[in-house]
C-alpha cells in the first residue's frame, strides 16, 4: 500500500492493482456492474452519459502551458484553485473504498510513449483501460513510474457548478504542469481514452512529432495507410481489412521512424453491426471485450440494431482480438493518406485526389457530420467542421498540426485522397448513405494503386480531381451531380456547402498558413 501513498487517498480498504482479465471479470460480476452475453462478453451501461461531455472539459490555465494552448470553446480555462477543489472532492469520493489501479502505456514508440496510472472505484473502468491502452510486460510493471495520473471519480458530482462558473455537475479537467487529470459525474469510458489522447496532442507536437486522430494499417508490401475522420465516419470499419495488418483504429503518432499506435485496443461503434460487412469487428466481440450500452435479448444474445439506449453503442477490445493486427503496433512512413468525411449534404464525391495544398486545406477544414450519439445532444447527423478531423482533442492551434502534416507529406511523397462515407443522391433525409461496398472499392483502388491509372475530371466549384470510372463503383456515383434527381437543388446545395467551407476557413486567416491555404478551397 505504501507505494500508493502519493495518490493522496485516505483509509483505502483495498487496492486491486493491475488485475488480470479473469480477475476483472470476477470483480465485475461480484459488484453487479453489468451482464454477461451468450458468448461471455461483459456488457455495461454507462448511465446518463453515453457519449463524451465536451462542454465539461477544461485545462488549468497556468504557465508555461497557457502560452501553447489554443484557448476557446474547446480548450476551456479553469483556475488552479478550482482544480484543487474538485481534485480534493474526487479524492474524497475515492477514499475509504476498494479501488482499482491500472497502469498502462500510451504510445508504441519507446521514445514517445507516456506511462499513465488510472485510479477508479469501478472494475469495468479498469477493464476498459486494460483494453484500450498498451499493456505493459511484467518487467515493465515492476519498474512502472507514472508520467501522468487519472483520477476517475465518476460517482462524484460538483453541486456548486453554477457558482463555480462551470457548465454542469460533470467535470473533466487536465492539469498539464502537475500531470494529473480528474473526472467526475460521468461514467462514460471514452472520457479516459480521449483525455489521454488530448494530452498526447499537447506533448508530441512540442517535440516536433505529429499526433493524429486517425486509424492506420499496413499492407503485404509494408505500405502504410492512414485514415482520418471523426467518430462514426468509418475509420474503424475501413481500416479493419483482412488483406492488411491493423496498426490501430483511432490514435497515432508520426515521428522520424514512422507511424505508431497510441493504444493497445480498439473502440468500435456497434450500432447495426453486421457479421457479413464487418466480420473482424464482429469476431472481436468475445470474452475480455467490453460492450457498452447495448441491449440484450432474453437469450443473452446482443441486439445490435436496438438503439433504445443510444445510437453510440460501443465495444472495446484488446487489439489481439483482431487476427490480422500488426503486433509491434507501429510501421514505417505512410504511402497513402485518406480523409473520411460523412457529408450530410450529399455533395462531396465518393473519392477525390488532393494536391498537397488541398490536403492542408481539407485537413484544416476537417469537414464531416456529427453522427448520432457520439456526443450529448446530437440525435441526427449535423454538418460540422472540426480542425484536423479531431478538434475537440487538439489543445494547440490547428495550424501547428497542419504544418507538421504538410512537412511530412512533402518529405515522404505521400498520396492524399478525400473519401465521402456520407450521403449520395441528396442531403440527409432525401439521399441515402453511401454503401460500405462502394466505399471499400474506392479504398481498395487507392491502396492497390489502380486509382492512379484512372482518367480524372474536375469536380466544379470544389475543384477536386475525381475519377471518371473506377472498378467496383457505379460510374453515376462518382460525380454527385449524376445522383441527384433535382439538379437545381443540387447546385443550390453545392454552393451552400462551398460557402460554408469558405466561411469556416476564415478563422485560420489570422496566421500565415491559413491565408496561404485558403486559396485551395472551393471557388464560389
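Cβ atoms here come from the backbone N, Cα and C positions, even for glycine.
Note that this is a predicted model, so its numbers are computed, not measured.
Now, the feature entries from Swiss-Prot:
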- 52, 188, 194, 314: substrate binding site (BINDING)
- 194, 213, 229, 230, 231, 232, 233, 234, 235, 236, 237, 278, 314, 439: ATP binding site (BINDING)
- 194, 213, 250: Mn(2+) binding site (BINDING)
Checklist line | Same-chain residues at least 6 apart in sequence whose Cβ lies under 8 Å from residue 250 (Mn(2+) binding site) | finding: 197, 213, 214, 215, 235, 236, 263, 266, 267
Margin query: For a quick check of packing: other C-beta atoms within 10 Å of the C-beta of residue 194 (substrate binding site), how many?
Written below: 24
Note to self: Measuring Cα to Cα, how far is residue 314 (substrate binding site) from residue 229 (ATP binding site) in Å?
What the structure shows: 17
Notebook entry, point to check: So what sits near residue 229 (ATP binding site) in its own chain, CB-to-CB under 8 Å and at least six residues off in sequence?
Noted result: 213, 214, 235, 339, 340, 341, 342, 368, 389, 421
Checklist line | For substrate: widest Cα to Cα gap among 52, 188, 194, 314 in Å | finding: 14
Next item on the list: Could you tally the C-beta atoms, other than its own, that fall within 10 angstroms of the C-beta of residue 188 (substrate binding site)?
Entry: 27
Margin query: Give me the CA-CA distance between residue 237 (ATP binding site) and residue 188 (substrate binding site), in Å, as a whole number.
Written below: 22
Notebook entry, point to check: Once the DSSP letters are reduced so that anything not helix or strand counts as coil, what is residue 235 (ATP binding site)?
Noted result: helix
Check: How many whole Å apart are the CA atoms of residue 188 (substrate binding site) and residue 233 (ATP binding site)?
Finding: 20
Check: Over all shown protein chains, what is the count of other CB atoms within 10 A of the CB belonging to residue 213 (Mn(2+) binding site)?
Finding: 25
Next item on the list: Have a look around residue 52 (substrate binding site) and count the other CB atoms within 10 A of its CB, chains all included.
Entry: 23
Checklist line | Helix, strand or coil at residue 194 (substrate binding site) [DSSP, three-state] | finding: helix
